[in-house]
Amino acid sequence: RVGFYSSTCPRAESIVQSTVRSHFQSDPTVAPGLLRMHFHDCFVQGCDGSILISGTGTERTAPPNSNLRGFEVIDDAKQQIEAVCPGVVSCADILALAARDSVLVTKGLTWSVPTGRRDGRVSSASDTSNLPGFTESVDAQKQKFAAKGLNTQDLVTLVGGHTIGTSACQFFSYRLYNFNSTGGPDPSIDATFLSQLQALCPQNGDGSKRVALDTGSVNNFDTSYFSNLRNGRGILESDQILWTDASTKVFVQRYLGLRGFLGLRFGLEFGKSMVKMSNIEVLTGTNGEIRKVCS
């Protein structure tokens, strides 16, 4: 529930927020990192902080999580909270709060985060196969979201978190050169944008080079990500097809406030979908534990 720690650790939320803010000031990439980490935590074993556990064979070591960042922010916040209220606040809750605060520092709207999650005891790399992938069809993505109780609107809304952050060339350069059997680029990419991307990610170039997922607005939590999809400027294949599939396109259009479509406020809906996601398979009461150290 909202305010779970109001009497047992009243400073918990403000400590997390100030920690996220200070790390963000020295490294803006921690904001999208923390948001993505929370998503990757919730989709595997529920929102139980299992993504934070280090060691061989853990979720953290699995290929889909190899580029996750922001672990040091959670460790820092946990250390500060343990100093004032030891053994009270879970790592899973710190991560859920940090994800919210990452949106706040990138000029997005805030929302109330229900707390009271406990930490899971299991973290296995093999469980990460149900994370949505960047080459998956809209139907495949919808199935994975539906399995977690999330609908098509939640899918478009949560993927809209790509309004902040970057992707490595290796995850989308196939779209620029050898997209299909004809060997040409993905026809859904805007022509002028294609040449820009090819300059940033040359064929056989450095696959680890990072490119903004939301061109022109990488550190601002806004709707320009959706404008880019409309204009054929989505970076990942799984992003761009949200505009070409009728079932998801309607939500992109609503977030853009296009004429003839009932408008939706992205910032507001994002908070609602995040609360819904952050409730996936949570451990409460006597289940799980409160870890002293998150990793």
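Don't overthink the numbers, they just go from 1 along the chain as shown.
Quick reminder: no glycine exception, Cβ is built from N, Cα and C everywhere.
Note that TrEMBL annotation is computational and uncurated.
For H40 (active site, proton acceptor), other Cβ atoms within 10 Å of its Cβ number 20. Residues or ranges marked as active site, proton acceptor by TrEMBL: H40.
Other C-beta atoms found within 10 angstroms of the C-beta of D48 (Ca(2+) 1 binding site) number 29, with every protein chain shown included. Per TrEMBL, the feature Ca(2+) 1 binding site maps to D41, V44, G46, D48, S50, E59.
For H162 (heme b binding site), the same-chain residues that are 6 or more apart in sequence and have a Cβ closer than 8 Å to its Cβ are L213, D214, Y225, I235, L236, D239. The heme b binding site annotation in TrEMBL covers H162.
Per TrEMBL, Ca(2+) 2 binding site is recorded for T163, D214, D222.
Feature annotation from TrEMBL assigns disulfide bond to C9-C85 (among others). There are 20 other CB atoms within 10 A of the CB of C9 (disulfide bond), with all protein chains counted.
Around the Cβ of C42 (disulfide bond), the number of neighbouring Cβ atoms within 10 Å comes to 28. According to TrEMBL, the disulfide bond annotation covers C42-C47 (among others).
Residue density at C294 (disulfide bond): 23 other Cβ atoms are found within 10 A of its Cβ, drawing on all protein chains shown. Summarising the annotation, TrEMBL assigns disulfide bond to C91-C294 (among others).
Under 8 Å, Cβ to Cβ, and six or more positions away along its own chain, C201 (disulfide bond) finds C169, F172, S173, L176, K209, V211. What TrEMBL lists as disulfide bond is C169-C201 (among others).
If you look up TrEMBL, you'll see 1-295 marked as domain 'Plant heme peroxidase family profile'. The average pLDDT computed for the domain 'Plant heme peroxidase family profile' (1-295) is 96.
The record gives D41, V44, G46, D48, S50, E59 for Ca(2+) 1. Within 8 Å of the mean position of their Cβ atoms, the other Cβ atoms in that chain belong to H40, C42, F43, Q45, C47, G49, I51, G120, S123, D127. Cβ proximity to the Ca(2+) 2 site centre (mean Cβ of T163, D214, D222, cutoff 8 Å) flags the following additional same-chain residues: G160, H162, I164, S217, V218, N220, F221, T223, S224, Y225.
On a Cα basis, C9 (disulfide bond) lies 19 Å away from D48 (Ca(2+) 1 binding site).
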